[in-house]
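Working notes, beginning with the structure itself.
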Ligand code: SF4
């Protein structure tokens, strides 16, 4: 009988990680006029954290963030929230990321399938209580998946929404109990596309078809040129965030 061993090193304590995040914010000059570049932010993490204790969260709108991180941390885990409601194009992008980049895709699944959720809460919970649906299919599964890591990388950008204007490049994430790194916080949408083009990384085909921000299919619609890029998410509702970055 073979036994699969998880060779992931032990995590440091919450206090140690909180202190490391504070040191990172100083050394990376988070929020200042001469803030470290995205590549410098990732390099700092690579120098201070074991590669097995870092993970990238990726919505599969594009592969820029996984590519950027894998340059410094080859083989890094990429967490994909497999909600059961994704566009086919998003699943295609996930498969292309797995095929073309030096990363390990981890499909993070909710406790219930869509069918089981329908049976317990009624069909299409997203249309009646999207906050509960996001909590059950995104926030709680991600929280569980992040246990054991010391750092998670996100693709949050300050220009995406008023709720993201003050995003630091590094901070201790009190809710999830680890360091949260937002290396591309300073990027614009054009910077993102320029990076993807320059490095020939895959971009979700929906982006070129009016979807600058991509979530689950039932909760995402295309937006017109010049419209708020995130206005296609939960359109018609006051909800603007799934809860992962609040
Ligand atoms: S984005 Fe919509 S379908 Fe996806 S988890 Fe949230 S409410 Fe549910």
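Each residue, glycine too, has its Cβ placed from N, Cα and C.
Feature annotation from TrEMBL assigns active site, nucleophile to 242.
Taking all protein chains in view, 24 other C-beta atoms sit within 10 angstroms of the C-beta of residue 134 ([4Fe-4S] cluster binding site). According to DSSP, residue 134 ([4Fe-4S] cluster binding site) sits within a helical segment. If you look up TrEMBL, you'll see 133, 134, 216, 219 marked as [4Fe-4S] cluster binding site.
Summarising the annotation, TrEMBL assigns domain 'Phosphoadenosine phosphosulphate reductase' to 57-222.
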### Task
Find the average pLDDT over the domain 'Phosphoadenosine phosphosulphate reductase' (57-222) in the predicted model and report it.
95
